Amino acid sequence: MNIPRNELLAVGAGLAGAAVLAFLPLVTEGFWLSVSVNIMLYAAICTAWALFSGPTQLVSLASAAFFGVGTYSVAIFVDVLPFPALVLIAVAAGALLAILVGVATLRLSGVYFVIFTLGLAELMGQIVTWVQTNFGGTIGLYVFTDLTEAHLYWMLLALTVIVFMTGWLINRSRLGLALRIIGNDEAVARHVGVDTARARIILFAVSGAFIAVAGAIMAPRYSYITPDAAFNPMTSFLVVIMALLGGTRRLWGPLVGVVPFTLVMDFISGHFPNQTAVIVGIAFLSIVYVLPDGVTGQLESLFRRRRPTDHSLLATAVEEGR
Amino acid sequence: MLILLTGLLLGGTYTLIALGLTLQYGVARIMNLANGETLVAACFVTFWLYAGYAINPLLGLLVIGPGAFVVNWLIYAWLMQPLVKRARNRGMLEVDSILATFGLLFLFQGLMLQAFGGSYFNYEFLAQPFSIMGDSFGLNRVVAFVAAAVIAAALYVFLYHTDRGTAVRAVAVDPRAARLVAIDVRRTAAFAFALGGAITACAGTLLSTFYTFNTSMGVLFTMKALIIVIMGGVGDIRGAVLAALVLGLTETLVASLLDPGLTLAANYALFILVLLFRPQGIFGKRPA
């Protein structure tokens, strides 16, 4: 494989950075460690979200559904299986859900997909509640493990590294090439024989599986798991807002949004618990209006004086031409 | 028979919700994910007028409809117009409007949560039995259905038998061509968005007379409306009416035969069937 030198450098720098971050639980605990867990959590989820929604320009509003599926994979089997097996179940469950959604919607125009994902978390929550009240007895489930906050941090850090590596490998693969062609011009992609629906479904499954793993890792922290908490729509919302703030054109774009936003969110939910939704709503709107390309996109166009990338433009121009 | 009629009565209100959304999406080209919040807000205003000032919800319509029209006009003028101007094509507007209204959804929900809290609300209005063909129904449900039918019929007459309505339909078909025949597209789009919001709000008022509501149910109704609009075909009024009745019927069937906790699952099942077999809508033509 012929890997450009600057990419190798970036990968090396990323791994070195991750190695340094791995020492964090040894020097701090309590409040800052728990904030770091949150940052790592959203770093993993937002990057996984952007793996799909970045190149395809399809806004997925279903992060909470995958997150909850992962959490429940742990909650249901925690007493009978070891934790690594639970993570594998989460991978399978997340990918399966994504494939089902993808098969139903990704062969059609994008708007169906967005609509389908809008209520998906709510749907999963409703189904889980129904199953539990009719067959399971109680609504909540307990998750007791020996995992400490530091363990969660390390697992999330590892997950983030894996998400980044996957994103990088996809970019270099045939799938990545196919996605770039689809992003540039879907009609052209079809003509040169790219199975556009298949490429999207695979990518969505990868993204969904990662988000489910994040949910699985977080399950021990909640210890008591209810459908309302696991499938909280706020998760989907925060993921979109952080990824947009950072920008989705670069793999590391979402990360730029995650770090400051998680810190600010922590402050807001600590000091204004009742106004959180309102403040976050306003923040979201300002990002959509003021920074449509995110911080990284804005910086890029400032420095390079390049016109905003054309791939979003062309892809949608095809839509309009229909 | 009981289930059938209950489902149809429910479908009447759903028709209005979907008509509101189809005006906003089909004409103004704004995929409004905050549509359900308009509905919930109308529920609460109706409750507040009824409980606080003893104003009959049907009279409340006269305040809430125009009020929602003004609010939605302002939302369009201040928040959506910049997106329309910024968008270089329809696809970009779609993504932008989805994101913006998704933000609005949480903003409105947060505001209402602060004002009313998270608990469930309902009030008694015309809670008497009314008998149709041997079965008895809540009079409030029957009145809501009749009122919904009247509003839907008025909308139909407006769209198909007035100049203004024809202009709205023209913009729905092709905004560029509409400009060639001297239609002010921007104004018409704003008007359609505001009218859509007003109709959704009326649906909310009617819904609140027989339905238990809370601040976080907006998304569910946005989903229902979207599914109806897609099932009926975007911009297709006959389709929307039929689809709304089908949805109301399916929901009632599932709620009474299986479990009331599975209504959203029923919605999704219907949605999947539509996506698999008729993504172009019930009366839609298959794209070439």
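From the backbone N, Cα and C atoms, a Cβ is placed for every residue, glycine too.
Keep in mind the model is a prediction, meaning the values are calculated, not measured.
Annotated in TrEMBL:
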- B:30-51: transmembrane segment (TRANSMEM)
- B:58-79: transmembrane segment (TRANSMEM)
- B:99-121: transmembrane segment (TRANSMEM)
- B:142-159: transmembrane segment (TRANSMEM)
- B:189-213: transmembrane segment (TRANSMEM)
- B:225-247: transmembrane segment (TRANSMEM)
- B:253-277: transmembrane segment (TRANSMEM)
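The transmembrane segment (B:99-121) shares more Cβ pairs under 8 Å with B:58-79 than with any other stretch in the list B:58-79, B:225-247, B:253-277. Of the recorded ranges B:30-51, B:58-79, B:189-213, B:253-277, the transmembrane segment (B:225-247) has the largest number of C-beta contacts under 8 angstroms with B:253-277. Most Cβ pairs under 8 Å with the transmembrane segment (B:30-51) belong to B:189-213, among the candidate stretches B:58-79, B:189-213, B:253-277.
Within the same chain, residues 28, 30, 38, 41-42, 45-46, 49-50, 100, 104, 143, 147, 189-191, 193-202, 204-206 sit at least 6 positions outside the transmembrane segment (B:58-79) and bring their C-beta atoms closer than 8 Å to a C-beta of that stretch. Non-local neighbours of the transmembrane segment (B:189-213) in the same chain are 13-14, 16-17, 19-24, 27-30, 32, 35, 38-47, 57, 60-61, 64-73, 75-77, 80-81, 84, 120-123, 125-126, 138, 140-141, 143-144, 147-148, 151, 155, 164, 168, 171-172, 175, 225; each lies 6+ residues outside the stretch with a CB under 8 Å from one of its CB atoms.
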